[in-house]
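Data block below; observations after.
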Amino acid sequence: MKLNVTIEIPKNSNIKYEYDRATKEIMVDRILHGSMVYPHNYGFLKEALDYDGDELDVLVFADQAFQPGIKVPARVLGAMKMIDGGETDTKLLAVIDVDPRYKHINNFKDIPLHWLAEVQDFFENYKNLQNKKVKILGFEDEIWAQKEYEECVLLMKEYGHLKKDEFVTKMMKERPEKYIK
């Protein structure tokens, strides 16, 4: 599945940017509290709403660090299932689609295991100094990722007009399995 990912956070950055759907701007949310940096480019899909009330997240594997707001053509290869603050916060995993160095990476099995280990380690630990816990539930392949994307596109079409807290409250009642305390 090929998608255009809007970059929120460049690879190797310790600045957590956040897209604001209401203002359509990318704002600085915080500086990471520790010495960790994002191991890969971190972006989102404007057309897809995840159960945390934000746009669906995508990690884009590439040699380059892309600036916030840039759209990057990417091939989605899988996903990491994650719970953050009790809310489902899926991360699609993708590679840049316009770099010949990545043309041999076409499905989840092609992703180097070390990349997956880096991603898991980062997200399990990047909030430690905030005393917040993140739980990684595992990785899934490109078929699962495509279904998750399609579900999140439907959520955006139906509920994208709601404020984040209104959406999460509604979904906690309708889809409680997506929220784990």
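Positions of Cβ are set from backbone N, Cα and C atoms, glycine also.
The model shown is predicted, which means the values in this text are computed figures rather than measured ones.
Look at TYR126 (substrate binding site): DSSP puts it in coil. Taking Cβ-Cβ distances under 8 Å and a sequence separation of 6 or more, the neighbours of TYR126 (substrate binding site) in its chain are LEU32, GLY34, MET36, VAL134. Taken from Swiss-Prot, the feature substrate binding site covers LYS16, ARG30, TYR42, TYR126.
Proximity of ASP89 (Mg(2+) 1 binding site) to non-local residues of its own chain (separation of 6 or more, Cβ distance below 8 Å) is seen for ASP50, TYR51, ASP52, ASP54, ASP57, MET82, ILE83, VAL134, given in sequence order. The secondary structure of ASP89 (Mg(2+) 1 binding site), as reduced to three states from DSSP, is coil rather than helix or strand. For ASP52, ASP57, ASP89, the entry in Swiss-Prot reads Mg(2+) 1 binding site.
Annotation source Swiss-Prot lists Mg(2+) 2 binding site at ASP57. In this structure, ASP57 (Mg(2+) 1 binding site) is part of a beta strand by DSSP.
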In whole Å, could you give the widest CA to CA gap in the substrate site formed by LYS16, ARG30, TYR42, TYR126? 15
Neighbours of the substrate site LYS16, ARG30, TYR42, TYR126: Cβ within 8 Å of the Cβ centroid, same chain, sequence order. ILE9, ASN14, ILE15, TYR17, ASP29, LEU32, TYR38
